[in-house]
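Scroll down for the structure; my scribbles are underneath it.
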Amino acid sequence: MVAGGVSAPGGGGTEFEAKITPIVVVSCIMAATGGLMFGYDVGVSGGVTSMGPFLKKFFPVVYQRTQDKGLNSNYCKYDNQGLQLFTSSLYLAGLTATFFASYTTRKLGRKVTMLIAGFFFIAGVTLNAAAQDLAMLIIGRILLGCGVGFANQAVPLFLSEIAPTRIRGALNILFQLMVTIGILFANLVNYGTAKIKGGWGWRLSLGLAGIPAGLLTLGALFVLDTPNSLIERGRLEEGKSVLRKIRGTDNIQPEFEELVEASRIAKQVKHPFRNLLMRRNRPQLVIAVALQIFQQFTGINAIMFYAPVLFDTVGFGGNASLYSAVITGAVNVVSTLVSIYSVDKLGRRMLLLEAGVQMFLSQVVIAIVLGIKVKDHSQDLSHGWAIFVVILVCTFVSSFAWSWGPLGWLIPSETFPLETRSAGQSVTVCVNLLFTFVIAQAFLSMLCHFKFGIFLFFSGWVLIMSFFVLFLVPETKNVPIEEMTERVWKQHWLWKRFVEDDFHADGGNTYLEEGAKKNGHSHGFDPSSQL
């Protein structure tokens, strides 16, 4: 869903001997709390911004609008740039922090980068929970955003490198699953804290983010750095020792040699961003960028950020709106589990196209119901119709969570070739965070101006992206990464023109492809290594 970058899963190279050791299981759970933290931050903001005491303290203009029945406009009462900045500042900070995080991930390792993320999270949580004015609140959100930037760079990479090849795909989606659990946890907390009488419930909501922040920081202190990272920084013996520990076997020489070779090849790529812009890499770049933009224009983040505010706007009471947000959060978690089990069976295209139909229909029907039942200054949404709207939102959320959520990240990560994967992953994360910021900053104003038409706006985009998938996104299910060019791009009706015309245009990089094929790079190297 939201920016939780997933590193490339293994691409069908050699299967090395490896046990699923306790140290791997514990390390992955501890690292994935970075996703839990990110999800909590996404979910908590929508809940606290629908709480009266919070609005009264920081956004009195919005609070007066929600209370004044004479002036009350259903769609415009939350339209406030400062309120939107409270949510969106996190993503702008995350976008900026990503550039620094790519450097620390390469030079200092995954473990230290996760530790930095943990410290940013703790500082941000402390400021938010103790906030006395809007500036303190926004600074806290910016610090949380820096934590997001560092965690999203290091955690998925850590998971993909420490996991045995055969379970790497499932562990990559573990990060996305943790994001959805974080959102659900935030919705449950908001539902409880909204009932607190003293008007300080919002502080508890923001402060409880300290739990996943603390877990990530503690986890980062105790986990081992990945063998890839140690080898990349020239600490070969230490890397070998860690590889022996996490694999639970002494037979690690073949995997160790491949890691050393993959690191050597990666270091030979001098200009990954220049490579990325070459004609033969155009298909992967276009698809990766388009998927990130489309992922945001499904409208999912608008719904997840502002679910309580949205439900309150269409006529649910305060508690009922938080309760509805809990339901959609739970649907999100369950549907992400569906994705883990179906993505390698049904294929990427099937999930994306099915979800396109489901999302389009649910959004159009929501727009019709709200258009008929909810006017700007009055609303006639009975209990039955309200439940129907929640069911439609759940239908939309479920289809997103098993398609555009995880696949928006998975497809770019498995299609970039070795020599451009670092630059490609960086562009993917940055584009995602940028458009997450744009939607978060604009949504409440769009809701005010478009009214129920906001859902028609997003459904129009869903139609466009479904046609994009139908004609331009090839199936990558069960295709080894090193065979993508031959088996996918050269077979596609449009993309083959780019690949065949320019495949040997850059003589300096052909040996890298040969090296990649020889190694099968089933063990993904650091996508940040050349940033």
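The backbone N, Cα and C atoms fix where each Cβ goes, and this holds for glycine too.
Taken verbatim from TrEMBL:
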type     : residues : note
DOMAIN   : 27-477   : domain 'Major facilitator superfamily (MFS) profile'
TRANSMEM : 20-40    : transmembrane segment
TRANSMEM : 82-100   : transmembrane segment
TRANSMEM : 112-131  : transmembrane segment
TRANSMEM : 137-159  : transmembrane segment
TRANSMEM : 171-192  : transmembrane segment
TRANSMEM : 204-224  : transmembrane segment
TRANSMEM : 285-309  : transmembrane segment
TRANSMEM : 321-343  : transmembrane segment
TRANSMEM : 350-372  : transmembrane segment
TRANSMEM : 384-405  : transmembrane segment
TRANSMEM : 426-446  : transmembrane segment
TRANSMEM : 452-473  : transmembrane segment
Spatial neighbours of the transmembrane segment (112-131) far in sequence, C-beta under 8 Å, 6+ residues away | 31, 34, 37, 58, 97, 101, 104-105, 137, 139-151, 153-155, 158, 203-204, 206-207, 209-210, 212-214, 216-221, 223, 225
Answer key: the stretch among 82-100, 321-343, 384-405, 426-446, 452-473 with most Cβ pairs under 8 A to the transmembrane segment (171-192) is 321-343
Would the transmembrane segment (20-40) count as touching the transmembrane segment (426-446), if touching means at least three Cβ pairs under 8 Å and pairs must be 6 or more apart in sequence?
-> no
What is the average pLDDT across the domain 'Major facilitator superfamily (MFS) profile' (27-477)?
-> 85
Selected stretch (most C-beta pairs under 8 A with the transmembrane segment (426-446)) from 137-159, 204-224, 321-343, 384-405 = 137-159
Positions on the same chain near the transmembrane segment (204-224), where near means CB under 8 A and six or more residues out = 23, 26-27, 29-31, 33-34, 36-37, 40-41, 44, 47-48, 51, 111-112, 114-115, 117-119, 121-122, 124-126, 128-129, 131, 140, 144, 147, 151, 158, 182, 186, 189-190, 193, 196, 242, 245-246
Cβ under 8 Å to the transmembrane segment (384-405), counting only same-chain residues 6 or more beyond its ends: which ones?
-> 1, 176, 180, 291, 294-295, 298-300, 303-304, 307, 311, 314-316, 320, 324, 327-328, 331-336, 338-339, 342, 351-352, 354-356, 358-359, 362-363, 365-366, 369-370, 373, 465
